[in-house]
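Structure first, then comments.
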Amino acid sequence: MAKLRSATSTQGRNMAGARALWRATGVKDSDFGKPIVAIANSFTQFVPGHVHLKDMGSLVAGAIEEAGGIAKEFNTIAVDDGIAMGHGGMLYSLPSRELIADSVEYMVNAHCADALVCISNCDKITPGMLMAALRLNIPVVFVSGGPMEAGKTKLSDKLIKLDLVDAMVAAADDRVSDEDSEKIERSACPTCGSCSGMFTANSMNCLTEALGLSLPGNGSLLATHSDRRELFLEAGRRVMALANRYYRDDDESALPRNIASFKAFENAMALDIAMGGSSNTVLHLLAAAQEAKVDFTMADIDRLSRQVPHLCKVAPSTPKYHMEDVHRAGGVMGILGELDRAGLLHTDVSHVAGENLKAVLVQYDLVQTQDEAVQQFYAAGPAGIPTTKAFSQSCRWPSLDVDRQEGCIRTREFAFSQEGGLAVLSGNIAADGCIVKTAGVDEANHTFVGHARVYESQDDAVAGILGGEVVAGDVVVIRYEGPKGGPGMQEMLYPTSYLKSKGLGTSCALITDGRFSGGTSGLSIGHVSPEAAAGGTIALVETGDRIEIDIPARSITLAVSDEVLETRRQAMQARGKQAWKPVNRERSVSLALKAYAMLATSADKGAVRDVSKLED
């Protein structure tokens, strides 16, 4: 029998002081010896995806205590990438992932918790908690706050569906009237929850289902729907079942590293490719794999991207479908079911919702389930009423979307495309690879040749786009925005949105060592590695250089000879301490961000810390 970690602080005469303090938190004599389950909540009033989470910890705690455990809740920070977008606040977004991971580790280890429930939702919170859970390797269940309902409004007497990106594009488009822009803004984010498309937050919450660490519906069931209450209660029950399996029965298969195995990471990446998920998921899966001690790399992602078809197309890649539509079609389990039937899924992997993924699919794959309760579960739909309250409505779709030929989720035969929604490109400008969300790229732009227009920062690029410097045929190059060079690897949603608003969304490309919001579409290539600040070739590009992009061939090439590049590299090195740094960029960087930059690796490593610098 594995010893409870909490026994360190609850057992023995020498722990009298610790027990006295535990009693002061409400622990009774009869509780000592029970598993202590930490609840990492990320409630904050700053973020719509988290504003409704305040009472969720109490729901989970009640279920834990009914199942025989002690529940103790704490909070983490949560940055809203949308609110932080377009100014210096975005420098803090990716670094907050490491801070969240560390804070969960600190709390769990400092108090010797035996198990963990992670209540997350938005962009960096789920990845940070995932990294911590795999680092700690104690029984864990994830439960997110759920997606926002899609916005809806009437323009020219036509009802349209909206999300955050639509508001940003409309605001920058001179052809949109002030009245229509305001209508779109007021309708884009109608409820609490993570933004309604297949952006980073929803992508990551879906991926926890595929990794085996969250319950079916976690990524797709609306935040406002009353059915979601049961997910929180069941998370508390499940984590206690996992804790008992490990501590009482010596069953190590209950530990997250044995659930999130290499096969599970392949499943998660296959899901991401099939649903056209955010390119940020690549960054976060690579980081999580390192915490799990799983050798999952960009090479594996490249291999999968060539095998997995695009089975589910969701905003921002199409205005037709949002997360509420994915749920109606069977959610993550519906997509995984189609991957299974295509022979592209490992179903023998463990899962917190059942004996293994195969058993979970039998019950929750909408195509094969005979369970009427599950069918009712996927009928949970939007109410269309603005609210910040969780569980505030119980509306049901009048019918389910089981059309696998023309519906939201397709079979392999009727896939949106036979190659998936993400691709890894490489070439002399990105020797260690870069990422493009092909789900959002027009097929006509799968090959593109243009001339570089180079900017040393996102701010300069935005000014150039809005000021008319960028013209059709340009390849906008934004560098020194990587994990180290930014620092913090800013998202480039404003530059891509402004290209759209200027009518350049399909006639220009954008490449960067920064990253993109899950809301980005168009020929937007990010995560260029090595980044400029790490000596990457992207630092040597000059305005006017020819750049060739070939997605089918998975290549991206700076059409400059090796001899010329070597001359430029030597000139860069001659700058001494100013080498591999932006020229004339004015940016205030705090000590906290400088500390982050000192250890940050490039995107192909997940932008995790370079641990070699910490070794003796």
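Quick reminder: no glycine exception, Cβ is built from N, Cα and C everywhere.
Site annotation (Swiss-Prot): Mg(2+) is bound by D123, K124, E491, and the candidate from D81, D157, D163 recorded at this site is D81. All chains included, 29 other C-beta atoms sit within 10 angstroms of the C-beta of K124 (Mg(2+) binding site). K124 (Mg(2+) binding site) sits 12 Å from S517 (active site, proton acceptor), counting Cα to Cα. Using the Cβ center of D81, D123, K124, E491 for Mg(2+), the list of other same-chain residues with Cβ within 8 Å runs, in sequence order, V79, A84, M90, S93, L94, C122, T200, A201, N280, S517. On its own chain, D123 (Mg(2+) binding site) has V79, D81, S93, F199, T200, A201, M204, N280, G518 as residues at least 6 apart in sequence with a Cβ closer than 8 Å to its own Cβ. Within 10 Å of the C-beta atom of S517 (active site, proton acceptor) sit 29 other C-beta atoms, taking all shown protein chains into account.
Between the CA atoms of C122 ([2Fe-2S] cluster binding site) and S517 (active site, proton acceptor) there is a gap of 12 Å. In the three-state DSSP assignment, the secondary structure recorded for E491 (Mg(2+) binding site) is strand. Other C-beta atoms found within 10 angstroms of the C-beta of E491 (Mg(2+) binding site) number 31, with every protein chain shown included.
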